[in-house]
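Engineer: First the structure, which I've put down as structure tokens, then a few questions once you've had a look.
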């Protein structure tokens with residue numbers, strides 16, 4: 001007997017066609033259980049290199065490896081039936097040359113079954129984006145605040161405050177769109193500029209710390225769920241406060257274990273009566 005047919009997932013082409021139709025709903029996903037919970041509600045799930053900070057406790061995304069991205073991409077794809085799944089290319093896996101970028105992007109797609117890759121960069125990456133797209137690899141661009149470049153760009157600060165910086169972001173967005181990216185993430189960019197870019201480009205923009213006028217929005221799922229209490233970026237809204245819920249659950253568990261209240265009779269196995 002053959003396996004039941006898998007529901008057809010949304011594709012980069014589907015996502016691109018949503019511009020001027022309705023907002024694109026996107027979140028990051030790193031594991032199978034979370035992907036299953038998000039799948040019905042999200043158009044696009046990004047296996048972001050933010051996993052280095054969220055799951056592994058790294059200070060930046062620079063330490064994330066290709067192997068980490070592939071492993072988590074495989075996990076997410078196991079939990080998805082509907083959403084388009086895009087995987088971040090980690091720092092150092094695509095900047096050296098167009099050939100390096102294609103080799104690693106092709107590996108990601110082959111080993112995970114994802115729908116495309118995301119890479120950071122502007123005018124300097126346009127030729128690479130075109131090279132990938134021409135060879136069958138859908139690309140989600142990323143301009144504005146680029147986390148992989150925090151060591152050379154002044155850290156995690158919003159972009160586009162002065163005209164020179166704004167002009168650079170405009171040029172970056174235009175170049176990546178013209179190179180063939182199916183959509184573009186705009187991160188940490190002043191609202192009027194993100195709005196202007198969205199209205200100018202023919203491809204969808206997905207904002208994070210950008211503008212409500214963007215064609216879609218994305219957040220780091222762990223931020224949105226309130227799993228971190230020590231720092232909350234300005235652009236994050238907590239739709240839940242799971243850090244407190246989890247902490248209380250663990251506290252209650254510990255209390256019951258110490259008091260020998262858990263496991264109770266309903267949680268243990270008794271011999272069958274003959």
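For all residues, glycine too, the Cβ spot is worked out from N, Cα and C.
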Engineer: 8, 19, 118: which one does Swiss-Prot list with 49, 50, 88 for the 3-methyl-2-oxobutanoate site?
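Structural biologist: When Swiss-Prot describes the 3-methyl-2-oxobutanoate site, the candidate it includes is 118.
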Engineer: By CA distance, which of the binding-site residues (50, 88, 120) lies nearest to residue 187 (active site, proton acceptor)?
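Structural biologist: Sorting the binding-site residues by distance from residue 187 (active site, proton acceptor), the top entry is 120.
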Engineer: List the residues of the same chain that sit at least 6 positions away from residue 88 (3-methyl-2-oxobutanoate binding site) in sequence and have their Cβ under 8 Å from its Cβ, in sequence order, or write 'none'.
Structural biologist: 46, 47, 48, 49, 50, 64, 69, 117, 118, 119
Engineer: Under a three-state reading of DSSP, tell me whether residue 120 (Mg(2+) binding site) is helix, strand or coil.
Structural biologist: coil
Engineer: Quick one: largest C-alpha distance among 49, 50, 88, 118, binding 3-methyl-2-oxobutanoate per the record, in angstrom?
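Structural biologist: The widest Cα-Cα gap among those binding residues is 12 Å.
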Engineer: Given a separation of at least six residues and a C-beta threshold under 8 Å, show me what packs close to residue 120 (Mg(2+) binding site) in the same chain.
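Structural biologist: In sequence order, the residues whose Cβ lies under 8 Å from that of residue 120 (Mg(2+) binding site) (at least 6 apart) are 142, 143, 146, 147, 148, 149.
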